[in-house]
């Protein structure tokens, strides 16, 4: 298990649990994990064959691999055994994966009573640990003949049996160790006994195996004689055991056991084909979500009761599984509270909506129960149990949207229908008289790239806007909506997959003076929101009329109405809701809520979807199956993508957003290019690596100098540094996440020092990719922090996902991963790194093990950047000293690629810019310029024209009869070695927008054709910008191979220069 063990809810920042992405098998899904190769991220695998299905699996393995028994060599006369005979011969305590039965090497899962060995052959950890992670069984029992004897592993103080939370410390007597849980017992012991320190505690699990003095690791000879099992098979066994506990490995080979769904495609024949692909994926995701939610039942003990508003009752309780990261909740989710301690033994049950989840202010979960609760229940000490109520509404709406696409010809315009399916459609422009002034009162003035995006979007039926961090995409979206309202009949619908993003955009649009209604799902009408004054519920109370207002007040006071009054209330409410929605200029809601029945009669022809790269295609479909004629998608495919919890669905392509697919089809996004968030020092690395050096700084160093704060950075005028620390990682109590106690202690030191320096706690954010680390830091600050625990409550400690789209003045990133062999998991995803290091305005601190992280090429580049800028340090916080570290050679390639300046660390690119063609060194990074004087439109236009020459060369300007050949990756060289620029692009079917590698063929030796150029191909989405047309794969090669082709192409460069100048001139006009 790796970081895919940690995933997070995009709406409220709570986490979703994922398991072991470094295993090769299909497991709980994580769409932003290192298991996805960079081709799947930047140009998904289907792009290599635009009309073919995606290849199955992530690692080339099949799902029906048979097991092979190893013959027993002890007796020459013994014949090989069949699988069935082998199973019959094995003793009860044999490993259920591989069959190893040495009592010294096995342990029993106390929950399911199955035995497993401590070998990691075929899996990323010991078989017993792998089983406990996958099944979420957390208790183990050693064999009577094992080193520890017949023993239940448990804490000697509290009796906790959670193996993932157990460790040991030296006993006060020689040759004795004490098994004790990490929290709370070890923490208490360290505080009360000076003879013990936190460094003395060691986990009983190291490198995902039980320590050998507890359960021996099988020898190489034992492993060689055992049944061979792959990670895929182990995962499938765990899934099979959920419904069939007595299943054996033979059952894996039964036909039809695990049919893989069809993969998404770049293009679809028709709506029937589209629906046939996506309906099974939605069904798989829905079933998996249901299973996960309904299996999350646990005892919560006693409940604390309070009287709420509107005659509701509030129930507060502790959820141990939430603290462990097993149960995932978001505000608005429904929980079922129940007990069986009634007089007649019947079950008492109530359903409530979650309004509070554990945070820095407290570790209780709070639910609001509508209606009365018997006093006898509230006053008795009853032991309650909690279940999660699964809500199928979201998936049902996706089914209906797919059906509408199939059956309703009026559900979407013919043009958008063709674009959705990937068919060629004649480009069209909408009739729209552009206003003389594009900037809107109440919003900041637009810069040049923002103006260009607004102009283009208003006149097109389909537009994509890419908004890198801090570039003001919310301002641009609000401006677009304002102008659309002035020219469009009916409402403009604004959607996002995230409630937080909807609230933020609704607030920004409201500042323009438009009438905005924030439509919430009925289950969330009483949930917290940052724009309560815009909600439909609030506007009903204010503008609903005297009779309706009276009934609303009566309902709030009494909790419910009499039958006659309730009918009248519902009638008046429906009429008034329709009036308010019909009269609104803009309706804001989530993508799912766009299918709310209250919108069924509202005419909407224009839809803008914010954060569209975080939504799956069926989610987007829900928003647009309303007869939509104009669609604007806003997002950034270089940041986090959709959350898909079922890995099988994610691998099949459900995790690819519509935004990404449209880019692959040749629709050019308009990229915003001026960032207003980060100090220029902080923006340099993400600009060069993730955005091809295109980000300009709209703020200066002086703008990002914090006054009134007594904080001194190790390197003056450089508000960032990497703090190297070598503490070891540990599995968290959930078994599906990680924590690093050394880094947590250093984070507390940094936070405390910032607060002492005058920084307000709410200005500080701590980012981690691991729920285990987040939970540990929160607890550590409250129990062992040097300042008053109240001061830490307003320090936000959250996941990367929770911080996307947001910012803080100071950001601390704790990397957590520190091991010798297991890799860095989540951290290998460049999109996560991009989000994490682009949240800070004034200062950024990275805390991690530089030696371990530098083995990965992208982190090697980041750490080398910090080292070159003299921002790499080690030592105590008050005595930091430069780290003189010889960085190890990066041995792990980036799998998820969004590299812009790709040649710097060997990542392919889809295209090169015209300036790179003209220059002789495309590998030279372009530093982000400072974008000054935003009020001078003439200088803005001139600068934009100059800067926009850094765009990919349109394919039609190149010779269409070009051959391309891939160069061996081993021939790549890092450093400052100069390479010739590419001289041509691969052949391409422009009418279809095909990016087929079939057109890239090796030319015959000695061919004299002028189109005989060897080019270096690539696949990255990050280089697409507002000046881009349909691009194809380009390839450049070694000097000696290219010398002749350079001479052949030189005569065409002047013509290309003139065509590019004409293109840029026409765009600027």
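Every residue, even glycine, has its Cβ placed from backbone N, Cα and C.
Just so it is clear, the model here is predicted, and its values are computed rather than measured.
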Of the candidates 639, 763, 773, the one that Swiss-Prot places in the ATP site of 450, 467, 468, 469, 470, 471, 472, 473, 474, 676, 807: 639
Positions whose Cβ lies under 8 angstroms from the region 'CC/SHH/C' (109-137), at least six residues beyond its ends: 1-2, 5, 19-20, 22-23, 27, 92-98, 100, 102, 152, 161, 163-164, 205, 207-210, 212, 215-218, 222-223, 226, 228-231, 233-235, 238, 241, 245, 326, 734-736, 822
Cβ neighbours within the same chain of residue 137 (Zn(2+) 2 binding site) - under 8 Å, at least six residues apart: 109, 110, 111, 112, 131
Residue pair residue 185 (Zn(2+) 3 binding site), residue 472 (ATP binding site) - Cα distance, angstrom, rounded: 48
Tertiary contacts of the region 'C4' (155-185) (same chain, 6+ residues out, Cβ under 8 Å): 110, 132, 138-140, 195-196, 200-205, 210, 324, 730-735, 776, 779
Integer Cα-Cα distance in angstrom, residue 181 (Zn(2+) 3 binding site) to residue 472 (ATP binding site): 47
Greatest inter-residue Cα distance in Å for the ATP-binding set 450, 467, 468, 469, 470, 471, 472, 473, 474, 639, 676, 807: 20
Zn(2+) 2 site, defined by 109, 112, 131, 137: further same-chain residues with Cβ within 8 Å of the Cβ centre: 110, 111, 113, 114, 116, 132, 135
Cβ-centroid neighbours of Zn(2+) 3 site 155, 158, 181, 185, 8 Å, sequence order: 156, 157, 159, 160, 165, 166, 180, 184, 186
Summary of DSSP states over the region 'CC/SHH/C' (109-137), given as helix, strand and coil counts: 9 helix, 4 strand, 16 coil
Other CB atoms, at most 10 A from the CB of residue 131 (Zn(2+) 2 binding site): 27
